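Single-structure report; data block below.
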Amino acid sequence: MKIAVLPGDGIGTEIVAEAVKVLNALDLKLEMETALVGGAAYEAFGHPLPDATLKLAKEADAVLFGAVGDWKYDKLDRPLRPEQAILGLRKNLGLFANFRPAICYEQLVDASSLKPELIAGLDILIIRELTGDIYFGQPRGRRTATDGHFPGAEEAFDTMRYSRPEIERIAHVAFQAARKRSKRVTSVDKANVLETFQFWRDVLTEVGQQYPDVELDHMYVDNAAMQLVRAPKKFDVVVTGNLFGDILSDEAAMLTGSIGMLPSASLNASSQGLYEPSHGSAPDIAGKGVANPLATILSAAMMLRFSLNQEVAAQRIEAAVKDVLVQGLRTADIFSTGTTRVSTVEMGAAVVKALK
């Protein structure tokens with residue numbers, strides 16, 4: 001089982017190091033090779049995704065990714081910015097399905113900004129289509145307007161589009177995931193305004209007929225955003241497009257009290273995947289030893305489950321994370337009165353010790 005380890009920038013190196021320690025403690029036959037990506041790769045090779053890094057990722061069974069980005073690269077040409085590395089990996093590996101779980105651990109209920117009764121026991125899985133929608137639709141650009149409200153004015157434009165195969169494959173992923181949970185799927189769209197998402201709704205409904213044991217309901221994105229705050233536990237599996245998924249998954253993440261707790265997975269058709277924490281590179285706290293490694297450690301658990309077929313090992317990691325929370329150990333982002341504040345390295349060591 002070959003893993004490409006890409007720590008990246010900022011706190012990425014710190015949190016990935018702890019996840020690697022946890023993986024090494026499992027006594028599995030894992031072959032892990034590390035490479036530069038993002039700003040670190042730009043500094044060394046002049047590009048955020050060097051050919052050698054991409055080759056390593058393509059040949060691996062899975063990629064364990066930290067985070068990329070730093071304010072000092074914001075003035076670079078867009079293709080050279082660190083964030084382009086993750087887009088390049090998604091494209092070259094064909095990663096079309098993004099899994100973003102939002103789980104509220106019992107010990108962290110008070111960390112949420114919502115009332116405890118609203119989020120206690122929360123367990124949502126947001127499945128976001130990653131390769132289509134307005135982020136990648138063509139044409140796009142800037143031009144002089146020839147019509148609209150202000151002909152002759154400078155304007156910018158993007159294209160929202162989805163093909164039937166793109167929608168069908170993400171729909172199957174969602175229904176199959178729901179079968180392993182509570183057999184409920186909520187498809188989020190804007191079918192009342194956008195032709196693209198009326199088509200999305202039609203195709204989801206058609207695919208849903210192949211899964212008579214799974215309940216499907218549709219919800220407009222504005223209502224979904226509201227219901228995530230009003231009654232989040234009404235959701236189980238949520239499937240949506242790239243743009244809406246980008247927004248809703250971050251909203252759901254904050255329901256739990258800390259984005260530092262939330263893993264993510266991006267998979268292709270052959271279950272090769274890229275696994276990363278939901279948070280960014282946080283250059284403001286890099287090197288201070290205060291970053292929360294649990295999202296990355298839980299991402300490693302997802303990697304074992306979805307790409308490496310190691311369910312027992314995945315459960316061991318998840319149980320160990322719960323154990324350290326029960327012990328009252330907290331990094332700065334989830335620290336509260338009555339708990340014990342620990343560093344990044346100390347939290348990683350505690351998870352290793354808690355493995356059973």
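Numbers run from 1 along the shown chain.
Cβ atoms are placed via backbone N, Cα and C, with glycine included.
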The substrate site in Swiss-Prot lists ARG90, ARG128, ASP222. Which one of ARG81, ARG100, ARG230 belongs there according to the record?
ARG100
Tell me the Cβ neighbour count for ARG128 (substrate binding site), meaning other Cβ atoms within 10 Å of its Cβ, over all protein chains shown.
26
Would you mind reading off the Cα separation of TYR135 (site 'Important for catalysis') from ASP246 (Mg(2+) binding site), to the nearest angstrom?
10
Number of other Cβ atoms within 10 Å of the Cβ of LYS288 (NAD(+) binding site) across all protein chains:
13
In Å, how large is the greatest distance between any two Cα atoms among GLY280, SER281, ALA282, PRO283, ASP284, ILE285, ALA286, GLY287, LYS288, GLY289, VAL290, ALA291, ASN292, the listed binders of NAD(+)?
16
In Å, rounded, how far does the Cα of ALA286 (NAD(+) binding site) sit from the Cα of ASP222 (substrate binding site)?
35
Taking each of the binding-site residues ALA282, VAL290 in turn and counting other Cβ atoms within 10 Å of its Cβ, which one has the fewest?
VAL290
Taking DSSP as the reference, which of helix, strand or coil describes ARG128 (substrate binding site)?
strand
